[in-house]
Amino acid sequence: MNSVPSLPGQSVAAVVVAGGKGLRTGGPVPKQFVIWRGKPLLRHCVEALEAAGIAPIVVAIPAGWDEAATQALAGISMVRLVHGGATRQESVKAALEVLEGDAPARVLIHDAARPDLPGSVIERLLTALDKRTGAIPVLPVVDSMVRGSGDAMGETVAREDLYRVQTPQAFHYPAILAAHRAWQGEALAGDDAQVAMRAAHEIALVEGDEALRKVTFASDLEEQSMSVIPRTGMGFDVHRLVEGEELWLCGVNIPHGKGLSGHSDADVAIHALVDALLGAIAAGDIGDHFPPSDPQWKGASSDRFLAHAGTLVTEAGYRIANVDVTIICEAPKIGPHKAAMRETLARILGIDSALVSVKATTTERLGLTGRGEGIAAQAVATVVSG
């Protein structure tokens, strides 16, 4: 995602509203912390804002859920947490006041329950702020509309002037902060545009996106997950153990009397994982992209191969949902290094370590790995669209 358009001095911050209990999804955990597509729902929208170059990002969370929020957003810089209030409006006001010392020119206010956030919507909103105090994304109403009284149909309502309102909503920061402070609470504010309108600010309408669908019920999580198309690839590799070489496994240097022999650094685990990722998107194998006959790859770090495979996955329109690597050897012991291996693979691929599994097994002293002549590895990678 490209950085958001801005003029010199026109800094852009964001508020993410995650202060509700969100229990209508049917579970014991607020929906913003529910794992969806491999990550907490909250993390999806915060990462989208971060990728757009927006900072700082203030997240309003429910009291008592600090640890869950910290874990959900681990590794994301420029994020601040604040406890939300009894209403959405109170939560937004508290978050806006956290930004007062930064004095951003503009601010986006977004619901954590809308995990898919296209960068194009952000761009349209901020462009609209050149002419108006606020801007909101909307979509047309396509169904017929009627008023009702209980189970009885009333008058028909013309849909031509009706819109479905989404978030994020964009505002000049000083104006929306003042509007929230002036809000008297005589009625619950449905969104921040209502607060701004009450303060006599003009709000622009920009084109929204169906991807910004709000997650409210458990069925919403299921329906959005069904739109994801998974693909799976497998990889396998083996290298001989020799004297005088360093041993690299999953990007981690392992102290051992021998190392693996190969054209690159012979990281057998990464090689298997690269093939699994390439297989998932039907992009050939590691030899197609990094032929051993090419001298430029002699002694090369296998990190480069894995990073390239990850880039190809993204360029093909997919994202990594899970990778699982099994290292097959009698020695060295893999257990003490598993955590470092997971973190290293996650860092290279730019994904959460929760999506990375590293295991080890032996062949009960059978075959070349059992005799200590080599190390093998197999990997499975799942990628999903959307």
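In case you wondered, yes, glycine gets a Cβ from its N, Cα and C as well.
Quantities reported herein were computed from a predicted structural model and do not represent experimental measurements.
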What does Swiss-Prot list, out of R231, R371, as binding the same 4-CDP-2-C-methyl-D-erythritol 2-phosphate as D237, V238, H239, H263, S264, D285, I286, G287, T361, T362, T363, E364?
R371
What subset of the recorded positions K31, K214, H271 lies within 10 angstroms of I286 (4-CDP-2-C-methyl-D-erythritol 2-phosphate binding site), using C-alpha positions?
H271
Have a look around S264 (4-CDP-2-C-methyl-D-erythritol 2-phosphate binding site) and count the other CB atoms within 10 A of its CB, chains all included.
22
State the Cα to Cα distance, in Å, between H271 (divalent metal cation binding site) and D237 (4-CDP-2-C-methyl-D-erythritol 2-phosphate binding site), rounded to an integer.
6
From the recorded positions K31, H263, S264, T363, pick the residue whose C-alpha lies nearest to the C-alpha of R159 (site 'Positions MEP for the nucleophilic attack').
K31
Give me the long-range Cβ neighbours of T363 (4-CDP-2-C-methyl-D-erythritol 2-phosphate binding site): same chain, 6+ apart, Cβ under 8 Å, in sequence order.
I328, E330, T369, G370
Would you mind pulling the DSSP three-state label for T361 (4-CDP-2-C-methyl-D-erythritol 2-phosphate binding site)?
strand
